[in-house]
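**Q** Grabbed the feature section from TrEMBL, which reads as follows:
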{"type": "BINDING", "residues": "Cys59, Cys63, Cys66", "note": "[4Fe-4S] cluster binding site"}
{"type": "BINDING", "residues": "Cys103, Cys134, Cys194, Arg266", "note": "[2Fe-2S] cluster binding site"}
{"type": "DOMAIN", "residues": "44-271", "note": "domain 'Radical SAM core'"}
Amino acid sequence: MSATTAANLRHDWTLHEVKALFEQPFNDLLFQAQTVHRAHFDQNRVQVSTLLSIKTGACPEDCKYCPQSGHYNTGLEKEKLLEVQKVLEAAAEAKAIGSTRFCMGAAWKHPSAKDMPYVLKMVEGVKALGLETCMTLGKLDKEQTQALAAAGLDYYNHNLDTSPEFYGNIITTRTYADRLETLAYVRDSGMKICSGGILGMGESLDDRAGLLIQLANLPEHPESVPINMLVKVKGTPLADEQDVDPFDFIRMLAVARIMMPQSHVRLSAGREAMNEQMQALAFFAGANSIFYGEKLLTTANPQANQDMQLFARLGIKPEEREEHADEVHQAAIEQALVEQRDFKLFYNAAV
Ligand code: SF4
């Protein structure tokens, strides 16, 4: 761990500076990112989270990339809020195969008063299993945020998605200011923030830089920064967008690592479409968090055992929560992960 303190982190990035980072020769950028990464993290550890959709589809928001939006017909089957017991079973299974954080996502504009008691019970139950808890439920008001924090929620995910300038091309039912307000409530409540964005929606380099500037120039950096590659789903307005150049995606991870040196940068949605070489390059650029499990909300995600085989080939180990960091436990988890051949553990909310 580095001696860098929160006070040394920068919150005053300019567009000019960030574009200069992006425009460096690729090898220079990666060298810089890897140097920053090594100063702040164990370069051979990657944090592993599992994501479960606790309520799928029929979302009133119109995010143009999202198969869960009720505005588009993607053939996705809707699901009501899962029972608390089912969520806890999935969390226990995630823990058994080595996840340290359990993320629960609901396709809502915001949680309703009727749903909040169930959501709070899920947080308490998952926490009691010894997992870190994360939720993504849409916009929150102050009281809801405080209730989630009191129930033991560790992280709240709320992505900014893209730059403020490009945002209106992608979402019209919720404002950028709404998103920033939710992030401010989360920070005030003492929870950690998970917030990032998506590449491949037709945005420019300025927009990619603009997103990272918004995140890094928050009063505190988000602890977790998911960088997603658009998963093009038939029926959504972005289904026919052009592919992102893989090297441009790696550049985004590297610039995020340099700007937010103490944050976990998550290689997130879209990983299924990335070959092993690209994933290895992503880890070299400073990505140090992934999701695993059969589904990443509603889109395919590489199987956990494939991930562990790749980790083994690269000499990467899953990052452990400190209280579980004894070597015997670690070895047992890794063995179980590698031996995992045919698991069907996760409740698939999309079918
Ligand atoms: S991204 Fe979230 S808020 Fe937007 S449509 Fe999908 S589920 Fe709803």
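Quick reminder: no glycine exception, Cβ is built from N, Cα and C everywhere.
A quick note: this is a predicted structure, and the numbers were derived from the prediction, not measured.
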**Q** Let's check the environment of Arg266 ([2Fe-2S] cluster binding site): how many other CB atoms sit within 10 Å of its CB?
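**A** By my count, 25.
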**Q** Going through the binding-site residues Cys59, Cys63, Cys103 in sequence order, which have a CB under 6 Å from an atom of ligand 1?
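**A** From Cys59, Cys63, Cys103, counting a Cβ under 6 Å from ligand 1 as near, the near ones are Cys59, Cys63.
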**Q** Let me know how many other Cβ atoms fall within 10 Å of the Cβ of Cys103 ([2Fe-2S] cluster binding site).
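**A** For Cys103 ([2Fe-2S] cluster binding site), the count of other Cβ atoms within 10 Å is 28.
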**Q** Once near-sequence residues are set aside, which residues in the chain of Cys194 ([2Fe-2S] cluster binding site), 6 or more away, have Cβ atoms under 8 Å from its Cβ?
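**A** In sequence order, the residues whose Cβ lies under 8 Å from that of Cys194 ([2Fe-2S] cluster binding site) (at least 6 apart) are Cys134, Thr136, Tyr155, Tyr156, Asn157, His158, Pro222, Glu223, Ser224, Val225, Pro226, Arg266.
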**Q** Can you grab the distance from Cys103 ([2Fe-2S] cluster binding site) over to Cys59 ([4Fe-4S] cluster binding site)? Cα atoms, rounded to a whole Å.
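**A** A Cα-Cα distance of 18 Å.
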**Q** Take the Cβ of Cys59 ([4Fe-4S] cluster binding site) and count every other Cβ within 10 Å, whichever protein chain it belongs to.
**A** 21
**Q** Three states by DSSP: which one describes Arg266 ([2Fe-2S] cluster binding site)?
**A** strand
**Q** Near Cys63 ([4Fe-4S] cluster binding site), how many other Cβ atoms are within 10 Å of its Cβ?
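**A** Counting Cβ neighbours of Cys63 ([4Fe-4S] cluster binding site) within 10 Å gives 24.
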**Q** Which number gives the other C-beta atoms within 10 angstroms of the C-beta of Cys134 ([2Fe-2S] cluster binding site), all protein chains shown included?
**A** 24
